[in-house]
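Colleague: The compositional bias 'Polar residues' annotation in TrEMBL covers 191-202. The domain 'PDZ' feature in TrEMBL is assigned to 1-46, 96-180. Taken from TrEMBL, the feature region 'Disordered' applies to 178-202.
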Amino acid sequence: MSSDMKPGDKIIKVDGVDLTNASHEEAVEAILKAGVHVVFHVQTFVDHPKQIILNSKRCSSFTGGSFMETPPMPQEESEIVKAERKYGHLEGEIHVIDLVKGPAGVGLTLAGNKDRSQQKIFVVGVNPNGAAGIDGRLKVGDQLLEVNHTPLNQPKNHELATNVFKNAKSKLLLVVNRQPHRKLKNPPRNPRSQPTIGNKTP
């Protein structure tokens, strides 16, 4: 709404409709019938009548002879924007992948680096019959950063990741870091450190 319209101003016309002698109800009806952009002729006691262009979609009500404007609702920050803001400093590409568990489960095999201090979890296998394999977006070598908003940057990440996958009812939101044209620097430790996220675990 334009800052030129002030409380106490008198609306003379709405889109050419004369409201000089109109009742409050008639004025409201005329405004509601107006198009997307409304042209008001407004009179004050200190200035000459003036025109104000108002986007009617931003108006919530017309009470007491003045407009009450509802400010636009802030847009919710998208998951990819959140992830980029949080992990944008990392080398590689940040991807946000949403999955729905199927009959064969998620179908992922996870492992960490030999260097335990790094506390990183990587995708080392994708079952083509699982949800991840059918979806096709997760790749071997992707580093899992988050699962359902749970960061995987703490000790015992394998157990944490497995539990998050297992406890998820159906929907999964994964944040991964992908480094194209680069293989894992260190191979997985051993089969015991490779929890399979399939139909028997989550």
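Yeah, the Cβs are placed from backbone N, Cα and C, and that goes for glycine too.
Where the annotation comes from TrEMBL, it is an automatic prediction and has not been curated.
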Colleague: Could you tell me the mean pLDDT over the domain 'PDZ' (1-46), as a whole number?
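Modeller: Here the mean pLDDT over the domain 'PDZ' (1-46) amounts to 69.
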Colleague: Based on DSSP, tally up the residues of the domain 'PDZ' (96-180) by helix, strand and coil.
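Modeller: Looking at the domain 'PDZ' (96-180) with DSSP, the answer is 19 helix, 33 strand, 33 coil.
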